[in-house]
């Protein structure tokens, strides 16, 4: 193993300055802080975040076996290329680790990020991705071997004795690689290409982080805690547009520099305090950005226009310094800032003894947060094809978020959720990802404005289907679903959380009817003009799916298409008021069932607004329109659908007030109005809201404003 894997000694209490600025506080812990740290460490152990000694030993053995394989591989190539016997004997390759394993914060089942450094005459394209790949493929202990040569950092993924390995390769400008190679020295970067620099920098960055923090053990405990928090809150995923392991490590390391004598409980609390007030896009840096005569580009928004488009710069501390969080978009930054605010409030409660550590790690209820979602279904013939296909699609999901931001001028916000789900009832291999959708908070929108993103999704699907290794059976479906249509397999218990009864819902309405409550998650039917089609399923059936699904994407061109399309959501010029004599008459309207939001529990704010707007509940026996329309959603219907029904149509009603005109939630308003004092970056500027220009494909377009939609108002005729 390389010399980079030697342990760094933990320094005494900080006596020198760490980082580019003076610390915020050099105060040490109180007795209470030490007690909370013990409680935090016990919580992390109980949560199973530490691997057992047997697994740690197995990891070391696996790394040793991989080290022997790459050494034998280099000697074999050296002999085949006619070098002398002495050269063959001295031929060498060295394995280094980086990422969570190198930083000492990996948990049970985590993968090991590894780097193989070889001599100049052993290349990546043929020797690594073909010859070494074939050697590994013949090993019985190797499974799920997947080369990714076209990645930003080329990698070979596989499992060795069941342990996941990500193996990179770097060919340095030396004929013989010494076993004690110091990878942190700048000489390893001489005469190498940028892909090799990126491969080397994972190890170089990990080593620099450990050198630049005041206390390594405190850093590790705080980082382990915050990585666990990020996963529980759905913001741990670099590929989705949030932050990955190195990003969280750099953020935590910077807090360690600002509070050099703090213990882990203090560091966790200060982490949220610092980053709720950080003035993004000001960068987070552990050290000054260094220029070098080697001439590799470094992050510098003064010189590089592309660097100016980064929303949340977190700069690596090793030359060449780069932004490790370039995947972050305006939408994912918004989500993370909201989660930082929530974490900060809980930590304040913990310090006041109003809450315990368990409150900080409560899972995020993603499927109860929004009213509208995009569902991305990925299917393949077998598990192996799905693994390859899913990896490609997942790597492109961030582009869908950027494209939606671009095409709606930032008015439609996306919340991609990094968790994947599997429908066990499907006959083929399947997984699904979801995105929450809502209109931008705090912005007045023209009444009836629609977001038609069918073209955006079609563009995304076209790009994804360009996959070089596509096989028959690899399919992708993108559809719009409402909260009530979320499939049951995404819930831990296998079924949806129960909603409060009508009586409880009515009590909530009575309690809040006098308040002016803003909408936290607006995404009603007045936002979109979406074409509907049946949900695709590889078996032909649609288990666990509602009878009708609103789709914004045509079926894959390789599949038979269907001519059956519903057009229940029709845009009209006028607003109407429908008065029904009974709930039965109301439900007789064709297609109205599919438009009803049959949920109540989390929509008490909407109930209050509905009452405030003057709409009363329509009582029909034991049933109540409050049960079905407690979110006061504006439902678009076709005038012709009322023919033959018992409903009376009265035109010209303009009594209801659009939900968005009632204001936004306190949390959203705080973020929006507090950008100056709290340091939250203003992401509403056009150059940011339109997404990263260099990432966008094609011209930036947006549909013309739609005419006001037809609206349905429920009022009692008694």
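Quick reminder: no glycine exception, Cβ is built from N, Cα and C everywhere.
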Annotated stretch (region 'Disordered', per TrEMBL) among the listed ranges 515-567, 568-620: 515-567
Residues flagged as region 'Disordered' in TrEMBL, choosing from 631-656, 657-682: 657-682
Confidence summary (mean pLDDT) of the domain 'Poly(A) polymerase central' (218-362): 95
Helix, strand and coil residues within the domain 'Poly(A) polymerase RNA-binding' (366-425) as assigned by DSSP: 28 helix, 19 strand, 13 coil
